[in-house]
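Participant: Below is one structure. I have some questions about it.
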Amino acid sequence: MSMISWMQAGVSTRLNQWWSSTPFITSGVTIICAAIYLVCLLVGYDSYAEICFLPSAVASHFQVYRFYTSVLFHGSLLHVLFNMLTFVPLGTELERIMGSVRLLFLMFLLATTNAIFHLIVAFLVDYNPLYHVSYLVDECSIGFSGVIFSMIVIETSLSGVQYRSVFGLFNVPAKWYAWILLILFQFLASNVSLLGHLSGILSGFAYTYGLFNYLLPGPSFYSSIEGLSMLSVCVRRPGFILCTGGTTYGQLPTHSNMSTPPSALINANFLRNISSWMPSRRTSTVQEQEDPRFPGRGRTLASTGTEPTAREANANLHARLLDNSTPSELLTNSQHTAANTVRADATVTADQTDTFDEELKKLVGMGFERTQAEVALAAADGDPNVAIEILMSQQD
């Protein structure tokens, strides 16, 4: 009995740790979806035709509320359980990247655009001149999985990974991951909305390609929301992540400059993101290898010429002075290098030369060898205290 109690305590502890590490918005959405399902279950509510996304009802009666009620309701315990177990790791990752307010706005944007794509595709398929498929406009869809498919595309794009594991069975290229999941769910599960999931994938790609940039608010919007007094209790919670405090890696779409022509923005973002998801051959040196989370080629902050800068010469000189086995010829060469660098930078004036000589005389008067004292003082940029530390470390 004690062993069973210990195992139960261990499981509860792990669950508490897992749940406590879930950020504020992710845990809030999970609780809301679960609570809505439980309330519907307790009161016996099953009139899903009133709240599901029904293209014909949206078009004929302009029932826009279905954009959002269809996302929060679920049809069965397995439905809500599977969706939330999939959403929690995705939401946690994206909330830590974007911040809590930005993720909340993103989910609202995705729910809206998913419904719009769903509506457009359903009526295009129904009224196409080749073959009419009318059942799509009368298909009733509910569940959070459309937003989840959008988040899968976005998180895959931001992570920069090359391959993704499908249920731990096999790996697939990351750019095909969402499409493969779409196909698998159609074969493995029954009563699944193909168009609902497809609309989520389309919205995810549209977001990553920058097509929604004009719909994204600027940073001041998120800051103003976080600064509202009525939300101060939420902001102070440990799981709340400020938009300026997330781990910003990858290419996170941001608010666009309104002075940029819309056509240029769409073309540039579309072509750039399309090329990033297409296979390409590239020959690069070791220096050109980059972290996929931080796109862009690194540049060395150094002088473009072959002559070292004064800081580099002094650093090398200091390292040589710390070596007890440094020969006198090496000190002489280092002295000439430092002197040449000073002349190249043209920073030595007559007054500075006089000060240098005075400090050098003081060091010699303290018993240090003149050549080493001169080199140490040059390496210390004329600072006698630093020069003394260099000389003393040389004698240790």
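Residue 1 is the first one shown; counting continues down the chain.
Cβ coordinates are placed from backbone N, Cα and C, and glycine is handled just like the others.
I grabbed these lines from TrEMBL:
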- 21-45: transmembrane segment (TRANSMEM)
- 65-91: transmembrane segment (TRANSMEM)
- 103-125: transmembrane segment (TRANSMEM)
- 131-154: transmembrane segment (TRANSMEM)
- 166-188: transmembrane segment (TRANSMEM)
- 194-216: transmembrane segment (TRANSMEM)
- 281-309: region 'Disordered' (REGION)
- 355-394: domain 'UBA' (DOMAIN)
Participant: Going along the chain, which residues at least six beyond the ends of the transmembrane segment (103-125) come within the CB cut-off of under 8 Å?
Facilitator: 25-26, 29, 53, 55, 58-59, 66-68, 70-71, 91, 94-95, 133, 136-137, 139, 141, 146-147, 150-151, 154, 195-196, 198-200, 202-204, 206-207, 212, 215-217, 222
Participant: May I ask which of the stretches 21-45, 131-154, 166-188 has the most CB pairs under 8 A with the transmembrane segment (194-216)?
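Facilitator: The listed stretch sharing the most Cβ pairs with the transmembrane segment (194-216) is 131-154.
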Participant: Do any residues of this chain, six or more beyond the ends of the transmembrane segment (166-188), have a C-beta under 8 angstroms from a C-beta of it, and if so which?
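Facilitator: Answer is 149, 152-153, 156, 159, 194, 197-198, 201, 204, 277.
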Participant: Summarise the model confidence on the domain 'UBA' (355-394) as a single mean pLDDT, whole number.
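Facilitator: Its mean pLDDT is 78.
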Participant: Could you give me the DSSP helix, strand and coil counts for the domain 'UBA' (355-394)?
Facilitator: 32 helix, 0 strand, 8 coil
